[in-house]
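Going by Swiss-Prot, these are the annotated features:
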COMPBIAS  13-28  compositional bias 'Polar residues'
COMPBIAS  50-62  compositional bias 'Basic and acidic residues'
COMPBIAS  83-95  compositional bias 'Polar residues'
REGION    1-28  region 'Disordered'
REGION    49-95  region 'Disordered'
REGION    548-572  region 'Required for the localization to the prospore membrane'
TOPO_DOM  1-110  topological domain 'Cytoplasmic'
TOPO_DOM  132-149  topological domain 'Extracellular'
TOPO_DOM  171-184  topological domain 'Cytoplasmic'
TOPO_DOM  229-240  topological domain 'Cytoplasmic'
TOPO_DOM  262-267  topological domain 'Extracellular'
TOPO_DOM  289-366  topological domain 'Cytoplasmic'
TOPO_DOM  388-398  topological domain 'Extracellular'
TOPO_DOM  420-446  topological domain 'Cytoplasmic'
TOPO_DOM  494-520  topological domain 'Cytoplasmic'
TOPO_DOM  564-572  topological domain 'Cytoplasmic'
TRANSMEM  111-131  transmembrane segment
TRANSMEM  150-170  transmembrane segment
TRANSMEM  185-205  transmembrane segment
TRANSMEM  208-228  transmembrane segment
TRANSMEM  241-261  transmembrane segment
TRANSMEM  268-288  transmembrane segment
TRANSMEM  367-387  transmembrane segment
TRANSMEM  399-419  transmembrane segment
TRANSMEM  447-469  transmembrane segment
TRANSMEM  473-493  transmembrane segment
TRANSMEM  521-541  transmembrane segment
TRANSMEM  543-563  transmembrane segment
Amino acid sequence: MGSEPFQKKNLGLQINSQESGTTRSTFHSLEDLGDDVINESWDQVNQKRANIDHDVFHEHPDSSPSLSAQKAKTKEEEVAVKSSNSQSRDPSPDTQAHIPYTYFSKDQRLIIFGIIIFIGFLGPMSGNIYIPALPLLQREYDVSATTINATVSVFMAVFSVGPLFWGALADFGGRKFLYMVSLSLMLIVNILLAAVPVNIAALFVLRIFQAFASSSVISLGAGTVTDVVPPKHRGKAIAYFMMGPNMGPIIAPIVAGLILMKGNYWRWLFGFTSIMTGIALILVTALLPETLRCIVGNGDPKWGDKKDERENNESPFFEGNKISHRRLFPDIGIRKPVNNDAFFQENFPKPPKAGLTLYWKMIKCPPIIITSVSTALLFSSYYAFSVTFSYYLEHDYRFTMLEIGAAYVCPGVAMLLGSQSGGHLSDYLRSRWIKSHPKKKFPAEFRLLLNLIGILLTICGTIGYGWAIFFHYHFVVLLVFSALTAFGMTWCSNTSMTYLTELFPKRAAGTVAVSSFFRNVGAAISSAIILQLCNAMGIGWCFTGLGLCSSISLIGILYLLIFQRKYTAKEF
């Protein structure tokens, strides 16, 4: 049996329709289908087919079939459409039976999300658990405060550049293998940090490798979310994933305080991160499947069947919602695409290998650079607040270390609320737009409308925080403005990340890596110079200037909302 009958019967590749007396073949790739046509009922499909004079899956178009042949053909057509109805997309009355976006069951997606959220927590935790121990490490290593603080600057610098490397490979070579490589490197480095003798040069080198290994988590995680979650739910999916990275700066100082409160146990900071990293590596190796779409498609194991085996199956993919016979330790090692058929490659194309040229093209792309710089400015304002908050609480408000740590809970909770509410509202507005504009492709830039609100909240919080400290307002006022700054920043970060992954789905990890690069560079510069600027300008005017800088983000987002459609969102 050849491949053509298999494609016509089971996959619905060729759909012939009568149009102006001619027969045409219509093909829609998976990435081109709109969400307004998903989950259409069987009655609606039958009604559309009744009103259209076309012959689906017609084996002999020139013949005049008998009545019995027509009945058999109709029955075969109904079986083909029903088998894909619950999970398919129907972009036009001419087309039926399309591939579901993902084959992974709900339970398996919960496992995937649990793992990537936990891994996402490890990266920021590795950087932030170290900061409360800086005075202690300064004494242990017998160096100046400037030298020991430089280990933080080096970490942030490498943490900014690292995602460019991981993001480039993640969109080409697979997610799971890179997770295993980065976690293995992180585990080795953390063990060495906990065990090597005191030597400042060794500390610098190991912190560089620690930052490089831990910098993979956000770009790989965002890519994984794009693999398994369709665009209509991606806003809240990104919000759930970002719970991990957002919790890192909140929990890490608390853990560090608990470890250090009983004495000189700073090595256990790295011991704790080693244990957490080891657990993550085991989870990834044992439970996480490969999800990169150009390798495994939508996750259906039948893509890997031989052609003759697939042809003998009544339904080539997606029979129900469960995945049977899933095994432990799946997809270990470097993976090749499970299928080389033209149909698979058309729907799940492999992007070209990444390099410096690719990133240069991304940086020159207005939607990417504007969104990345906008997020970086907001992130810089937040880090300026984060660095100065503890300093002024200790010197101006006479807070203890325990009280300072508790004060950070307020902006931390605001970060989580901003990410979650922004993600859910983004998806809700997207679904409303699709319902009011049937049969039209959703403009991804529509999500950025929410950024206007988040930017204004961040500007108000930033300026208000500076003047509240300048006039020595009550501590509760500081908490309110800090919450506004944190809420607005994560609100915008979530929406921007969702926008980039929807605009460039095949380069999700790469575009998020570029955005992370600008964001972390901004945070590193801001945290390094903010105290000097506050001393020179006064904290009120300094944070007013930061708020005005954030207004540049407002201009950039407005530009994209107005002129986005003049740019063609081509995959790189």
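Backbone N, Cα and C atoms are what each Cβ position is placed from, and that goes for glycine too.
With a cut-off of 8 Å on Cβ pairs spaced 6 or more residues apart, the transmembrane segment (367-387) and the transmembrane segment (111-131) reach fewer than 3 such pairs and are scored as not touching.
Using a cut-off of 8 Å between Cβ atoms, the transmembrane segment (268-288) and the transmembrane segment (150-170) share fewer than three residue pairs, counting only pairs 6 or more apart in sequence. Residues 123, 127, 130-131, 134, 178, 182, 203-204, 207-208, 210-216, 218-220, 223, 292, 354-355, 358-359, 509-514, 516-517, 519-521, 523-524, 527-528 of the same chain lie 6 or more positions beyond the ends of the transmembrane segment (150-170) yet place their CB under 8 Å from a CB of it. When Cβ distances are compared across the two stretches, the transmembrane segment (521-541) makes contact with the transmembrane segment (447-469), since 3 or more pairs at least 6 residues apart fall below 8 angstroms. Applying DSSP to the topological domain 'Extracellular' (262-267) sorts its residues as follows: 1 helix, 0 strand, 5 coil. Helix first, then strand, then coil: DSSP counts for the topological domain 'Cytoplasmic' (420-446) stand at 20 helix, 0 strand, 7 coil. Among the recorded stretches 111-131, 208-228, 473-493, 543-563, the one sharing the largest number of Cβ pairs closer than 8 Å with the transmembrane segment (241-261) is 111-131. Residue counts for the topological domain 'Cytoplasmic' (494-520) under DSSP, helix first, then strand, then coil, are 26 helix, 0 strand, 1 coil.
Listed as Cβ neighbours of the transmembrane segment (111-131) (distance under 8 Å, sequence separation of 6 or more from its ends, same chain) are residues 104, 151-152, 155-156, 159, 179, 183, 186, 190, 210-211, 214-218, 220-221, 224-225, 228, 237, 240-249, 251-253, 255-256, 269, 272-273, 276-277, 279-280, 283-284, 287-289, 291. Within the same chain, residues 133, 136-137, 140, 193-195 sit at least 6 positions outside the topological domain 'Extracellular' (262-267) and bring their C-beta atoms closer than 8 Å to a C-beta of that stretch.
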